[in-house]
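Peer 1: Dropping the structure in here first, questions after.
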Amino acid sequence: MNNEETEVKPWIVRIILIVGGLFGAHRLYLKQVPEAFVFFSTLGVLLIGWLYDSFMFKYEVNEYNQLINQSENNKEKEKWKNGKMQASQSKFVDFSFTRFLYSVLYGSYIGLATWLACTVTFGWTDINLIPFICVVALGITAGIYIIGQCGGQSRELSYIWMASFSSMFIMVRLAQTTVFRAIFLTAIVSTVIGNRSARLKKRRHTWKHFLFWSSLFLMLVCVILLGCSRKVADKQVTATRPGTFRETISVGSLIRDRIFDAKKVHSFFEGNPIIEYHSKSDIKNKNGEKTLKNSSFWYQVWSGELFDELTGAAHLTKIDWIELTTTFIVDVLRSEARVIDGSSTIEPFKWALWRNYLIHRFSLDPLISDDRLRTECKKWQTEEKSKKGNVDRDYNILAAKQGCSTFLL
């Protein structure tokens, strides 16, 4: 071999683990590229994997050094009979429940991230659409394929893709399951089918594979962040004070001011004003439309006009869980202002959480006003008082009672 590999020092791996362990730098140094990407895309598997490797990294180093010291003939364990290799035995891989669990969870993770990007950024809410099913199935396939490459093994990409698409199609179009259940069950089926093609890996991945996978993942994250900025941060909040004036600000500006200048947020919600929500206007005049039509493709790309055109559907599409997230953020901020004013003594997070629960409990619009929600609570309380029966063990009723009493304080 022209490029002979040398043994690695444990202290070097420890330093790399401390500095860049959350992003999989130590795994990349040990040429465990798929494992490094999993660390990178999950921040060290939410710190748990990073903590585990901080204690067990010596075993990984010893295993790597043993592979380096092995002769060329012993790099792959092959079964021979009468001078011929038995291919079926050389490809045999033992079943591992741990790997199976990792594959299902990571495939579901990437699949959910793909679904989130399509929903938040591009406004795809109908999961029954074939293109939507294809994109989500592709995300699940990518996650299962990456896990299948870990530990010196590999999986056939075509097997995983066919199983993922067909399972997703059946779950969504025929079984009519929810998105989360469909993604999870599809990940299970795809992992089982993919394991049928499991074999020992015969080539090593390089940093180019890591760079390519990381670029795709970062692009996915950027798409999600851009969508969240349009659906959440760009949402306009109007505070109306009777007999005074109306003031409008975006949710993103409120979050920024809460971090850097909390007094602005408190002054905005001072006096418990009437809160209204509305989307940022995207209406353009005719001259703007003509400019968009006459401008070149690259000008539209660099100016952001093309992105606005592609994500226009998401900007107009109403998604309940995103609206609930927006109202929860605003509720926490205005509840903090009420505590500072002395008009409330309830913990802001608790008050906002109960308010969101009541919206979900009564199936109301996420952007409902406080007056309307108070009316619904009083109406529900009146109806419950007129009913006879033992409700001490009905947790739905008990939760609604607690939520209404907390909100009406």
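Placement of Cβ uses the backbone N, Cα and C atoms for every residue, glycine included.
Swiss-Prot lists 8-55 with the feature domain 'TM2'. Here Swiss-Prot flags 10-30, 37-57, 104-124, 127-147, 168-190, 209-229 as transmembrane segment.
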Peer 1: With a Cβ cut-off under 8 Å, give me the same-chain residues at least six positions beyond the ends of the transmembrane segment (168-190) that come close to it.
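Peer 2: For the transmembrane segment (168-190), the nonlocal Cβ contacts are 103-105, 107-108, 111-112, 115, 127-128, 130, 133, 136-137, 140-141, 143-144, 160.
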Peer 1: May I ask for the residues of the chain that lie six or more residues beyond the transmembrane segment (10-30) and have a Cβ under 8 Å from a Cβ within it?
Peer 2: 36-40, 43-44, 47, 50, 53-54, 57-58, 60-61, 64, 207, 210
Peer 1: Sequence-remote contacts (6 or more beyond its ends) of the transmembrane segment (104-124), Cβ cut-off under 8 Å?
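Peer 2: Contacts with the transmembrane segment (104-124): 38, 41-42, 132, 135-144, 146-147, 179-180, 183-184, 186-188, 190-191, 220-221, 223-224, 226-228, 230-231, 310-317, 319, 322.
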Peer 1: I'm checking region-level scores; what's the whole-number mean pLDDT for the domain 'TM2' (8-55)?
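Peer 2: Per the prediction, mean pLDDT sits at 84 for the domain 'TM2' (8-55).
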Peer 1: In the domain 'TM2' (8-55), how many residues does DSSP put in helix, strand and coil?
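Peer 2: Summed over the domain 'TM2' (8-55), the classes give 41 helix, 0 strand, 7 coil.
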